[in-house]
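Chemist: Handing you a structure now.
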Amino acid sequence: MTSFTIPGLSDKKASDVADLLQKQLSTYNDLHLTLKHVHWNVVGPNFIGVHEMIDPQVELVRGYADEVAERIATLGKSPKGTPGAIIKDRTWDDYSVERDTVQAHLAALDLVYNGVIEDTRKSIEKLEDLDLVSQDLLIAHAGELEKFQWFVRAHLESAGGQLTHEGQSTEKGAADKARRKSA
């Protein structure tokens, strides 16, 4: 740990910001691994479109993890990018859908994005009074995460605006319902 932080930011605020950003770093590391898992395990009609749609998002999220880790270091703290850090910071269950259809994976992935975006927005609110530069970083990330969720949802939405997995609160439940609706 260093004995400095950013000029104009107290050590206490820097520590609070770094703690928030550490959780975000773990979220991004978990998300890019989950996206690769989906990329490798999606099957069925529309496979190639979804398979190829996911890789750019993986790279984007990996980039977000790097930006957040570098911001933590800039604050004079040590970013933790280990599997143990992901598990320690995790407030969600491990992604549970294995080899499955496009619809099943996308429905489960939509719920993953719900959690990531909700947590990111909470961090954005908390950063309002702590560090506007870090807040700005997460605001930019949130916009892109929301756009990608829209890409996912476009595959799941009916002409009437209903999602195939509406009402489901678990990835498995969402995947099961989407699979049944697409059969």
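From the backbone N, Cα and C atoms, a Cβ is placed for every residue, glycine too.
Sharing the feature lines straight out of Swiss-Prot:
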- His39, Asp66, Glu70: Fe cation 1 binding site (BINDING)
- Glu70: Fe cation 2 binding site (BINDING)
- 162-183: region 'Disordered' (REGION)
Chemist: May I ask you to report the DSSP-based helix, strand or coil state of His39 (Fe cation 1 binding site)?
Modeler: helix
Chemist: Counting each residue once, how many in the region 'Disordered' (162-183) are helix, strand and coil under DSSP?
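Modeler: Helix (H, G, I), strand (E, B), coil: 12 helix, 1 strand, 9 coil.
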Chemist: Let's check the environment of Asp66 (Fe cation 1 binding site): how many other CB atoms sit within 10 Å of its CB?
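Modeler: So the Cβ neighbour count for Asp66 (Fe cation 1 binding site) comes to 14.
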Chemist: Given the binding-site residues His39, Glu70, and counting only Cβ atoms in the protein chains shown, which has the most within 10 Å of its Cβ?
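Modeler: Output for this query is His39.
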